[in-house]
Structures are given as structure tokens and as C-alpha cells.
Amino acid sequence: MGGGGEPAPFHSASLYVGDLATDANEALLFEIFNAVGPVASIRVCRDAVTRRSLGYAYVNYHQLSDAERALDTMNFSMIKSKPCRGVWSQRDPSGRRSGAGNIFVKNLHESIDNKQLYDTFSLFGNILSCKVVTDRETGGSKGYGYVHYETVEAANAAIEKLDGMLIDGQEVQVGHFIGRNQRPGQDDFTNCYVKNIPLDWDDERLNKEFAQFGEIASAAETDDKKIESLGFGFVNFVEHESAAASVEALNGKNYTHTIDGEEVEREMFVGRAQKKAERDREMRSKHEAEKMDRISKFQGVNLYVKNLEDVVTDDMLRDEFAAMGTITSARIMKDMGKDGRSRGFGFVCFSSPEEATRAVNEMNGKLIANKPIFVALAQRREVRRAQLEAQHANRNVGPGGPGQPGMMRGPMGGPMGYPGMPMYMQRGGPGGAMQPAYPMAMPQMMGPGGRGGQQRPGAYPQMMGQPGGRGYMPYGVMQQGRGRGGPMPQAGRGGPQSGRGRNAVQGRGPAGNQQIKFNQQARNAGAPPGPAQQPSQASQQMPAPEGALTASALASASPEMQKNMIGERLYPLIHQSQPELAGKITGMLLEMDNSELLHLLESPEALKHKIDEAIQVLEAHQSTD
């Protein structure tokens with residue numbers, strides 16, 4: 001943004017980019033700004049709780065010249081259908097907060113945008129920042145904006161030349177910016193807002209009531225097209241002292257109202273008149289303060305209870321949880337309709353976090369009206385949404401970052417403390433179709449197959465292309481893959497992974513005595529399928545990890561560790577009824593939310609139901625192959 005003067009003497013190649021769409025991420029910005037010059041890093045600033053974009057980012061270049069070029073060419077360019085606004089990043093906020101060189105422009109035509117405002121005012125000096133204020137909902141101009149010059153002299157020149165000038169047919173007003181705390185406000189107001197005025201009052205009666213406090217410049221009651229009073233109005237005094245005295249004396253005073261022939265006493269409200277924007281800002285601030293107070297008050301003591309029968313009432317819910325501690329409230333959520341049917345969940349609030357934690361540990365999975373309930377700490381909607389988005393992002397990208405060409409994204413998750421198995425795909429078969437290729441031979445897995453390779457009896461491929469693609473590899477199976485003292489084979493990254501490379505990749509068999517070559521030129525056709533090997537006793541009997549998995553312990557772990565912790569306890573339970581499909585079913589179930597997985601650990605009936613569903617999905621998929 002270096003128009004109208006010498007470039008600003010910034011020594012940092014860091015840019016602030018604002019007015020971004022909420023779905024503009026680092027990858028998109030990198031693609032856009034890297035076209036100007038090599039970008040060192042990009043950071044989109046996000047809300048600490050919800051992780052949603054705040055609408056601005058920082059773009060750091062290696063070279064100062066590239067940053068200057070980006071300001072000249074990319075400023076006000078469209079990103080996600082919104083014009084971005086770029087300025088030099090200033091780590092010291094004192095320059096911005098001082099207001100020196102900042103001017104206020106109002107009465108702008110609705111067609112004036114950031115670029116037009118910048119082009120008009122850049123004639124008088126170097127502009128650091130330029131913005132037309134827009135409505136949050138409609139996105140249209142609100143008719144005013146700000147221009148921040150590098151020097152006070154440039155700001156004075158712009159005010160002198162442009163104040164009162166016509167821009168797009170409208171006379172604009174230009175002046176020095178005055179901070180909100182320096183504007184006329186509570187200390188010197190003269191205009192009063194009056195509410196709950198008796199409906200039989202007119203302007204003369206209103207003027208008479210307030211005249212006792214001082215000289216009145218104007219007093220008017222708002223009515224509906226002069227037909228009837230709306231019960232509110234404005235009284236503007238000549239002096240501030242008179243206005244303050246009227247607020248002190250009349251605010252909260254009772255007046256008699258005649259409504260439908262009956263006399264009713266109501267309190268009159270008298271206060272400083274506020275603009276709509278100021279009132280909205282005050283109400284938002286008050287609402288946020290109340291919200292934060294409510295959050296801090298119920299943090300760690302409010303429980304979410306679901307899977308409730310329709311017959312369960314508020315009193316029944318309170319009685320069931322009464323033994324856990326002092327309950328401040330217990331409520332079943334119901335439909336808003338006339339029938340008011342239960343929605344199957346509710347909330348129980350305790351007086352202390354210790355009581356709530358005890359209730360989670362002891363009541364989760366308990367039968368109420370012959371149904372096992374699920375109990376967990378209640379979460380705000382935005383926190384829950386943020387967790388789900390984070391889990392979804394980790395699920396797509398995986399701990400290893402974005403997948404390389406020829407490699408499926410994300411490894412097959414192993415238990416906590418043990419490595420997962422990366423999923424590779426190699427080309428084989430007619431037409432170059434993608435065929436599964438595994439860098440190691442393991443029990444209950446597809447044998448090495450290229451063109452016409454056959455699957456061993458009893459084996460099942462754990463690959464992303466089939467239902468429940470996140471296959472789960474228990475510790476016992478991992479031990480078999482090591483052989484006698486042999487390390488777990490890892491797939492190298494060298495050479496192409498398209499099935500046409502020259503180098504062969506070797507994998508160690510389950511007992512460490514079988515070498516399987518994956519010849520890329522022969523498309524892996526040289527290794528005939530061997531006989532199916534039975535899992536060892538160690539893999540058939542999987543001991544469950546000791547200790548119950550609590551919601552509090554799970555909350556302290558990262559999303560990836562949470563899945564591992566749950567998987568360690570879920571796999572042995574599934575292995576008892578489905579030893580051959582335990583790994584695959586576990587991988588399928590781990591796609592569920594953690595709250596539902598905890599419920600499965602506590603409820604054998606619910607777990608059996610999910611296992612049956614998973615088997616049906618697998619059978620349905622096999623029937624279509």
C-alpha cells in the first residue's frame with residue numbers, strides 16, 4: 001500500500017491481511033501469496049476455544065521486496081468472494097492506538113469500497129490502513145470509514161482538501177479521528193430517553209413533567225403516525241446538569257397507567273439516550289459477561305445425561321443422582337410442542353466438581369427404566385463443535401501430515417505406545433486400477449497380490465477403501481510381525497510408489513522367516529500366495545488394560561491419544577466374540593465420538609449391538625464385491 005509518497009520504512013517482511021472469509025485457511029492463503037514471492041510462513045488467527053477463524057492472518061515473506069510487491073498487487077484482491085485488506089504488520093500497538101494521522105470520513109456513498117476510498121485519499125500521503133465499515137449481516141457499507149496516514153501532515157492535508165467535497169454525488173465530512181473514550185458520552189449528555197410513559201400523555205404533559213429540572217431544548221413523545229402513543233420519547237435539555245438531575249429523580253418513579261379501563265402502576269425509565277450501535281455494543285458486552293459468568297459457575301459441575309426413557313421425569317432423574325451429592329438442578333429436556341415429550345436427554349448440576357466427577361464415574365452405564373444411561377460433563381455447543389472439527393481434521397490428515405503420492409492418508413492406528421501401519425497403494429491389474437499392497441506380511445491380512453493375486457482363506461484386507469477403513473492393530477499382532485528379535489519393517493520412501501519402479505521392497509513375515517519381494521516391474525506377480533497362518537495364542541487372548549477409563553482422564557489427553565486409550569480397552573472386548581474381525585471392527589467403531597465409545601465400554605449390550613451392525617456392514621460389502 002505504498003501509494004502517495006515514499007514507502008514506509010518497515011524492516012519486517014510481515015503483512016497483516018484482514019477482512020478474510022472465515023473459511024479462508026493457511027493453504028489457500030499460501031497458494032495466493034506465494035505467487036508474488038516465496039512465503040516463509042502464514043498464520044490464520046483463530047478463536048482459542050472454537051478454533052474458528054477471526055477473519056485475519058499474518059503473511060511472512062523471506063524478502064522485504066516481496067512483501068512490498070504483495071501490498072501493491074494483492075491489496076483489495078478477492079479471496080473467497082471478499083476483498084482482503086493488507087497492511088504492514090506492526091508489533092508495537094502504540095502507533096495504532098495513538099490515533100496520530102488517523103482520520104474519520106462519514107457520509108460516504110454506499111458504492112464506495114475500500115479500494116475507492118484508498119485511491120481517493122492516497123493523493124495526500126502514504127496510507128498505512130484504509131477501511132470502509134460494513135454491516136455484519138448484510139455486508140453493505142455503513143456510510144463511514146477510516147484512513148490512517150503515516151504522518152500527521154498528510155492527514156491534515158487530506159482534511160483541508162476533502163472535507164465538504166462531493167464524492168460520488170455526496171458531500172463527505174472528513175475530520176481527525178476521536179477515540180471512543182474521548183467522545184461526548186456519559187459525562188456530558190443532554191438528551192434523555194424516556195420509556196413507559198403513560199399512554200394518555202402528550203408532548204405538553206411530558207414537557208411539563210421534565211421542565212422542573214431545567215431548560216428544555218425539545219421534548220417529544222413517539223407515536224404511531226400521530227394516532228396513539230407508543231409509550232416512549234426523548235427529552236433534550238440545554239445543560240447536562242439538568243439532564244442528570246432528571247435521570248436521578250424520575251428513573252424508577254411509579255406512574256399510573258390506564259389499560260383497558262384499569263389503572264396500573266408502572267415504573268418509568270429515564271436514562272441517557274444512546275445510538276443504536278452503542279446500545280447494541282453495550283448489550284453484546286453485557287450478554288458476553290453474563291455468558292462467561294454462567295460458564296465459570298457451571299464449569300465442571302454440570303452433567304449431560306442421555307439415553308433416557310420417555311417415562312423418566314425431572315424428579316426421577318434427581319432421585320437417581322441424589323446419592324452422588326448435593327444437586328442444584330435436574331432437568332429433562334422436552335419438545336416445545338403441546339405434548340412436551342422427552343427428548344431423551346437432560347442435565348444434572350451438582351454443587352461441586354468432586355460430586356460431578358463421582359457421578360460420572362459411578363452413574364455412567366447405570367440402568368434407569370431398563371436403559372443404560374450415558375453420563376459425561378456437559379460441554380458448550382461451540383466447544384463440542386471445535387472438538388469434532390479437530391478430530392475430523394486429525395482423521396483426514398493423520399499424525400504424519402498430508403499423504404504423499406501413492407500413499408493413503410493416515411496410518412492404521414495402533415494402540416497407545418505402538419506404531420501404526422501406513423497404508424500404501426500400488427498400481428496393478430487391468431487399466432492401472434489401484435490394488436492394495438502391504439509392506440509386511442501379517443496374520444489375517446491379504447497376501448501379496450499383483451495381477452490376479454488371490455486372497456488367502458480367512459484373511460481380510462484392512463484398507464481404507466472398505467467399510468471402517470481405519471483398521472486397528474492390537475499389540476499382540478504387532479508382536480508377531482516382529483519375528484524373533486527382528487525389527488518391525490518400515491516402508492521406505494525412496495523410489496516411485498506407482499508399481500513401476502526398479503527397486504524391490506522386502507517385508508519380513510510373521511515369524512521372521514519368510515521374505516516377500518514386491519517386484520515393481522513384475523507388478524508383484526512373482527510371489528505365490530502361501531497357506532494361511534493362524535494367529536498365535538498371544539494374539540487370541542488380549543488382556544484388557546488395567547484401570548477404568550474416566551472422562552476426566554480422557555479429557556486431559558490429545559485427540560489422537562484419546563482414540564488410542566479407548567482402542568486399548570475396546571479391542572479385548574470385541575476380541576472375545578469376534579477374534580478374527582476384532583481389528584477391523586475396532587477400527588470401524590473408533591470412527592465414533594469418544595462419548596459414545598465410553599458408553600460402549602460400560603454397556604456390553606450396546607457394544608454387542610454395534611458389533612452386530614459392523615458385521616452386517618462387512619457382509620453387505622463382501623456381497624457386492
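The backbone N, Cα and C atoms fix where each Cβ goes, and this holds for glycine too.
Automated prediction, rather than curation, is the source of TrEMBL annotations.
Look at TrEMBL and you will find 13-91, 101-174, 190-275, 301-380 tagged as domain 'RRM'. Taken from TrEMBL, the feature region 'Disordered' applies to 446-549. Residues or ranges marked as compositional bias 'Gly residues' in TrEMBL: 482-498. Residues annotated as compositional bias 'Low complexity' in TrEMBL: 520-549. If you look up TrEMBL, you'll see 546-623 marked as domain 'PABC'.
Averaged over the domain 'PABC' (546-623), the predicted model reaches a pLDDT of 82. DSSP states for the domain 'RRM' (190-275), grouped as helix (H, G, I), strand (E, B) and coil, give 22 helix, 38 strand, 26 coil.
Here the domain 'PABC' (546-623) is broken down by DSSP into helix, strand and coil counts: 61 helix, 0 strand, 17 coil. Across the domain 'RRM' (101-174), DSSP assigns 22 helix, 28 strand, 24 coil.
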